[in-house]
Each structure stands twice: as structure tokens, then as C-alpha cells.
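Asker: Before anything else, here's the structure in question.
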Amino acid sequence: MIKVTLKDGSVREYPAGTTVLEVARSISQGLAREALAGKVNGKTVDLSYPLQEDAAVELLTFNDEEGRAVYRHSTAHVLAQAVKRLFPEAKLAIGPAIQDGFYYDFDVPQPFTPAQLAQIEEEMNRIIKEDLPFKRVELSREEALEHFKKRGELYKVELINDLPEDAVISCYQQGDFDDLCAGPHVPSTGRLKSVKLMNIAGAYWRGSEKNKMLQRIYGTSFPKKAMLDEHLFRIEEAKRRDHRKLGQELDLFSIQEEGPGFPFFHPKGMIIRNELENFWRQEHKKRGYREIRTPIILNRSLWEQSGHWAHYKENMYFTKIDDADFAVKPMNCPGSILVYKTSLHSYRDLPLRLAELGLVHRHELSGVLHGLMRVRCFTQDDAHIFMLPGQIKDEIIGVIDLFDYFYNTFGLSYHVELSTRPEKSMGSDEIWEIATNSLRDALEAKNMSYKVNEGDGAFYGPKIDFHLTDSLGRTWQCGTIQLDFLMPEKFDLTYVGEDGQKHRPVMIHRVVFGSIERFIGILTEHFAGAFPVWLAPVQVRVMPITDRHHAYARELVKKMEALDIRVELDARNEKINYKIREAQTQKIPYMLVIGDREMEQGAVAVRRRGKGDTGAIAVDEFLVKIQEEIKNKTIF
RNA sequence: GCCGACGUAGCUCAGCCGGUAGAGCAGCUGAUUCGUAAUCAGCAGGUCGUGGGUUCGAGUCCCAUCGUCGGCUCCA
């Protein structure tokens, strides 16, 4: 008998050779039905895996991330089988499970067409109906190589050759198909239910543009049709919230052929932008930052000194002035450093926090441009903090507090990742140790949980990244705090210490929004275009019912304008229903309907976006209420 | 940059096998003065992304080019 420890800590005894599935069955029939794979001592295995000794056993269902991955991975194999049945000449590359589904890469002479995709999906459903068992076969490296060479599966051969010496090589077989695969898999193809192929895309073998372009098919699968439908609905919802679509509908910005990747901000977009910047300035001033502005075009020599000319040239734009080489700045730090160097600094002056809303230009590949999210020019809400090494921790804490305050204001939750020293990096071990510990100390002092990305830091220092989660559960990297020991060195920055000697300051680079443009894109999708009142381009629209209410309405508008409320009058000769519909589609937070009753009582009938008619209140009462909301940056 | 799809009025889209461009919304004009998501009628609006080519004839076919969209290691 062997002892099996279950997830809940209970221990059961079974005869040796009992499979994971049998363990599931002994717990409950329901679990046995739902189980997709198992986990034995932390390693995922097939349900048919026989237990030979004492072990910790977990059963994975679709509710577990790993269970879902097994499910999708098995679906990927069915996709490959279907493709091989329909297109025997197709060569198989890789087919992993991903976030919300799976993909499989194929080398085929002709790209797949949407019609073929439908055909493949049909074939997949046939394979599922055939309910073919997934069979695991382990084989030696030689056997595996011979097997795949014989079939001309060159990519598989390459994969096998790259496997480490001690790797157990396995294949999974279902019916007329088999594939190199570590597994595990669901017991049989019949376990898969709702399958959908999403799209086709080119993808390089192993992601390198030096390699051949393969055809990738993306798909997803769920154990219930309702789950698939919900997933498709979420995709629709994301489409509905697409900032490019809303940006056009709400007239916030545009991108034109004449400037690919260079967005135009329209009057309404500028209001959001200016509100964000006002908020930003106000909060930075409070926290001891001083604002600067540095030029967009600077001499080549500066970029050579900073290292950008050597390391970042591919992404930069250049120009000539009076025969001298200049570059358009891709980052703000060198400019900020030049400002620092215009005077001598005492240790008493530090930390010096120089903030800049700096417009940077970077050459991005044409294929990656995407609305406001990926552009070729954007405004970083940058700041550079020059400080004594001993001030690192407190400064980091200050920045973390600032970030926290900002993100909460927008109702965005976030998580934090700490990236440590990469292999290729500059500076002594000692300074890296101090820097990394300072970041860690700051995070721990704030009692924040964080994920560590070993070796993912910048070459000049470790960093903390802030990943925001929007209302659809998608994450966006926005804020980042980077410690930098290299730039002060390169530019020979100094301060005069207590001892009267020159010392080297440390720098922090940090952005909260990241890029204002991108942040506006994120906010647009997060709020689905229904911005909180303080950000809304139009806060109030006054809608008189007939001509005889116009004078009263105009008076109201004037009153609000005097209070800096962004208000519009809809005096068009249209029915009230029409006016409401339009204001509603424009996502204006407050609609004030003015008729005889309101005029008589000195009131306004308030219709609130998302809530409908909330009845009439006195004008002054409304004004107090909306001003409060603007001041408090209320989210609704 | 690479692979694929796409580009027709301000917007959303139709336009068959190549025969000389159409709708809805928006806009303008007029009528209607109306109480919480579209009042009615009329008018105007396009060198079909751009440049070549094939053809008696091109929005439609071919080539080039620009732009947009979906992708381009979450690794058996």
C-alpha cells in the first residue's frame, strides 16, 4: 500500500499502481468526471499515471490554470491532427496552450484561408466525436529522431536535438496521429467540447525574423458551450471598448495617413489630457518635484555620451542643422542631466526631483503601431530624482506612495514586479546589491507583495514595474521606477558632500502614467468611454424642451460656465428623446432637461448617465453636487 | 520590417461574371414646439487610398506604393 496526501491535507491509502484517475474516483464520481489531469509531487501527469510510491496528489480540473492549459494543449493536438488529415503536406512546429486558448504553428506552402479554417474546425469536431484516447509513449532520443525524420517533420527533429541530455522524450498518440509532446493530456479527444478557431497569423519559427514564417492558427476551447459564449462575449466587449473606435466616436483623437503613429488630439481629447496633466502637476508639486522642459532635438555628442547613439540608434530619428548631426530625443534623461549640471549641488540640496512632461519620438516598426497604445511619439510623465545613496529607500517609498495614489484615483488595481540584475550589466556587485536591497526594502516597508523577475532589470540598474488591471481584467504596464548608477557616471555628475569633496549621486528614473497617450487609451477602454465627471470632455448638457425654455437654459449655462463646469446647450429644434439619445451615446455624465416645471421652480431635471432620470432638484443643489464630484474625482 | 486580410460620401456599409456609384446615419433647408434613447419632407455630398498597366470600357482584373487591421516564443 502507498500513502497519498491530497490537496486538503488528508491522507489515503491505495495499492501501488493505482492511477490518478482511480484516486479521483475514490474521492467522488463528480471529481472523476471533471478531472483533466493530475499533479503528483508538483509535476503534472496524465490521469492514467500509476502511483508507485507515497506521493502528494492533486487533481486538475478546468477551474485550475494548469488544468485549463492541459485542456487547451490537448485541443491543440486535435487541431494538428485535423490539419494533417486535410493537408498531409503540412509540417508541424509547436502548439502550446496560451492565456485564453492555444495555437499551433504549421509550415504549409500556402497560407490558410478563412474557409479552410472552418473546414479544419469541422474536422476537429469529427475527431472529438471519434473520442480517440491520448496514449503516451516514451522513447529514446534515437528512436524519436528516426521517427520524425522518417516523416519529414524537420521542426520536431530540431526540437528533439535541442532537448537537454537527460530529458525524457515522449510522444502522444491519438488515432492516426502522434506528436512529440511532454504532456500531460486529457484521457481522450471526447473530453473536449466547445472548440473554436479564432484567427490565422504569420509567426516566425521560434519567434525570430531570421527564420521561416509559419502559419499560426489560434483557437480556444471550453468544456461548456456557455463558457465559450461568455469568452466570445468578452472579446466583443473588448471590441466595443476599443479606444480607437471610441476615440473616433467621441471625437477625442485621430491618426492620419500623413502621420502614421503620430496621433492628433482633438479638442475633446485635449480636455482629458489637460485634466490628467493638471492633476499630475498638482500632485508632483505637493511632493516636492520641480518641473522642467528640455528640447526635443539635441546634438549628436550628447547621445554619444549617454550611450543612446551606440545602443538605441535603431529607434531614433535624426536630422542635420548647419551640417551638424542632431537627434530627436527618444528619452528625457540626458536633457534632465544637462539641467542638473548647470549648477553645483550640495548634499543639502538633494534629493533633487526634476519632473518633465517630455515628448519623445521612437521609431517603432510599422507593423506594431496600435492606436494610442503603440505610437511613434508620446509624452512621458517623466521625473529624475538625483539623490545621495542613503536616500534611495525613502525616495522609492515616496514614489510608490505617489503611484498608489494615482492608480487609486482611477479605480485601477495593480501588482508589482521587481527586476534584478541581468547578466549583461554595468557597475559593481556591491552597488547592485545596495540598489536591489533598497528597492526590496521599500516594497517591504510598504508591505507590498511583489513578483521577482530575476535578471530582468535594465543594464544600468534594477527596477520596479507597476502592472495595472483594467475593468476587463487585462493588465497594462504603466509605472516604472528604475535605479540608475550608470548615467551619473557617464555624465560625471557630482554633488559636494559634508566633507567638501565631490561625490557621485544616484538617479531614479520614473513614470507614473508611462505615456500620457497610452494612459488615455487605457482609461478609455477601462471606462468604456464613460469618463468620470472630472475627466469628461463635456460634463453637462442642458436640453430645453421647447423654444420658450431657451432663455432659462442659457442663464443656467452661463452660471455653470462661470464655475468652470464644461457645459453645452442643446438648443436644436429636436424632440427631447432625440437630444437624450445623442447625449447618452456621447456618454455625457449629466443631462439636464428643462421644461415648464423646472422653469417655474428654479430647478433642473437631472438625468444621469447610466442611471436614467433621477428627478428634479434645485439648481444650486445640483451645482454643489457636481462641483463636489469634480473636486473629489468621483468614479461612477 | 515580415505574413495575411482590408481601403467606396464625415461615419457604418452595399456594389453580381468588368458596362460609367448606392443606402442608412451625420450635414444643410423647410415644416413640426414636443417631458427622458431616433418627428417628417426635401437638398447636397464620392478623381472608389495613390501611381501605373490590361481592356473599346476598371470601384471590380494585374503590378507597384501608402495606410489600416490581426499576428510575429505565454516555447515539445
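Any Cβ shown, glycine's included, is placed from N, Cα and C.
These numbers come from a predicted model, not from an experiment.
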Asker: TrEMBL has A:Cys333, A:His384 binding Zn(2+). Which one of A:His231, A:His243, A:His503, A:His509 is in the same site?
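Answerer: Candidate in the recorded Zn(2+) site: A:His509.
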Asker: Let's see if you can do this one: DSSP helix, strand and coil counts over the domain 'TGS' (A:1-61), in that order.
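Answerer: Result for the domain 'TGS' (A:1-61), in helix, strand, coil order: 14 helix, 25 strand, 22 coil.
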Asker: Can you check what DSSP calls A:His509 (Zn(2+) binding site), collapsed to helix, strand or coil?
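Answerer: In the DSSP reduction, A:His509 (Zn(2+) binding site) maps to strand.
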Asker: For A:Cys333 (Zn(2+) binding site), just count the other CB atoms lying within 10 A of its CB, please.
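Answerer: I get 21 for this one.
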Asker: Other than its own, how many Cβ atoms are within 10 Å of the Cβ belonging to A:His509 (Zn(2+) binding site)?
Answerer: 23
Asker: Including all protein chains displayed, how many Cβ atoms other than that of A:His384 (Zn(2+) binding site) lie within 10 Å of its Cβ?
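Answerer: That number is 24.
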